[in-house]
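Asker: First the structure, then my questions, so here it is.
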């Protein structure tokens, strides 16, 4: 991907004469960037600080007279809430299965698209389309056109196999959401993997052929190891986005039936806008942010290892 | 209550901008050459937050008439889907930011917000004889009153009734009783249920949400003699009567209801009924005006209407009214009332009838609406049953027991949105078949108990 080129390009400039700048010169260079830095810090950190503040307050918008410092009570309530633990589990299941399915399909489609055939660009455009549809529109499309038990396409397509009147969104709520998200995220995975496939050197493939490797062996022993970093990147970026899924859950199942599809974003939404429990929602938000930071740190480490290997190559 | 809606963006009429620009220029001129005299009235701008329902969209269209009569008042609309409206308006008022001069709220919010001191009492305004406050439907007026003060005026109101397809009834050789009981309805549903032809016996909401499945279900619970809390706020979700009612509802919708019931709300049932996929539908009275519209409904002219089915009580309809209120934070209360009183007046109802058609008149707010000959004729199929349904609601005691709150299909406590959502999710899961009614109601009992504790209702 294009991302990998920028650190390499920055290398020679930084290596020219870093220590010859005086303190003043350095600040002259940095000075013009300071307003942007301050603005970024203000815009990103103040909402976060306000959230942290509220997470220690007992505040319900609908009961204005009772608010005050709550200590860790909100955190206690959130962790003690069975629905919150259910939401964590649902988020993990939803994210893991969607990422797994879409990466597998993405690799398969990318390998197909890497071949030369007539109408390849048309096929590529069509395959990318699901990713370009607005999430809310896609959710409604799936709710009505695909999952509807009476006139949904899914039941119609499966009817020759004896499947009849399956009410997807209520009988298999999690499967339905995963199915819809996989449809939406496969193109994303496919694009990243495709970039990886197209960046491998033709010489290497030719050498493999010369050594007598068939297409399958070539893929497994030559292409796949090279693709590994691209796949890791796709999985990490995909996970970060899919954890935040809200639209299909809100529009297709309303987190239900029961709590079957309530994930963390939907849980926080409910605490904020159904219960107007500002404190509890803020606490849940802080917990999610901390968890995300941990995962993102891990993500960045893997991505930077990817950069390092690029530089070595 | 739940009308299929399309989201709208804030509309800033050109006139407003022109007026703002003009007043800015005026101020600049005035300060430049001091003593140039008052540069014309810059006018009050009234911002109204409202729900994206057809009736509310009509009012936006007709506001030019009001603005012509009141050149000094400009009206700006913020039209939002129901849930988003509730979120935004609650935040705005609770944080005191005072963005809106008029807010659209329901019968649920009005007493709670009045108690919080968020709303302006309308008694002085509404006592103006021209407004004729006594013409407002009594149950609606009662639901919008808190401690003998009126805090909101109804734009339109609804109850619930049973709608059925007369042609399908004839074909099946069955008749609908004039005042059906739920047992009779269940028998009829069994006879009319015809999955091979994609016709469900009855369409009932099953979608999670306090304003979705709980609205019809609560009326069933009331009429079975069940309740959420007793007089001392002890949760009654696992009492025999409540359990029986929920079990009845879940069985009925699972056995003879629409396919995909656990995800069907007002919109889904409206689609099913208007496309001929349901023989009966128990829901809001406003649904009738859409079902009777031949442009959007195959069932137009084929529908019959009877009161909400009962078991132990005389009546069992719910009550809801989208109403207009002035937040305490408004800076333009007088101008806001000018607009509100116009929008909820008899003249406005006539205006809608004459300009947009009589079936589009906002129903259920004023008794005089039902005396208009043109309306009686245009809405002959449903006007009478709607009026009856609304008049027969007792918001203080809809079930068999005394209740320490006012309201039929909801409990008037701030926590109910959250509690109702949680309970509705459990019921919805029972309708989907993912758990038994016992399991669902045991969890519901637990949530309900918790709220009684945490809200401090027991101490009162």
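Each Cβ is built from the backbone N, Cα and C atoms, and glycine gets one as well.
Per TrEMBL, transmembrane segment is recorded for A:33-56, A:87-113, A:125-142, A:177-197, A:218-243, A:281-303.
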Asker: Taking the transmembrane segment (A:87-113) as the reference, which of A:177-197, A:218-243, A:281-303 gives the largest number of Cβ pairs under 8 angstroms?
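Answerer: Top-ranked stretch among A:177-197, A:218-243, A:281-303: A:177-197.
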Asker: For the transmembrane segment (A:281-303), could you work out the same-chain residues 6 or more beyond its ends whose Cβ comes under 8 Å from its Cβ atoms?
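Answerer: That would be 48, 51-55, 57, 74-75, 77-79, 84, 232-233, 236-237, 239-240, 243, 264, 267-268, 271-272, 275.
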Asker: Should anything in the same chain at least six residues away from the transmembrane segment (A:177-197) have a Cβ under 8 Å from its Cβ atoms, list it; otherwise answer none.
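Answerer: The answer is 1, 94, 97-99, 101-103, 105-107, 109-111, 113-114, 127-131, 133, 135, 138-139, 142, 146, 223, 226-227, 229-231, 233-234, 237-238, 241-242, 245, 248-249, 252-253, 261.
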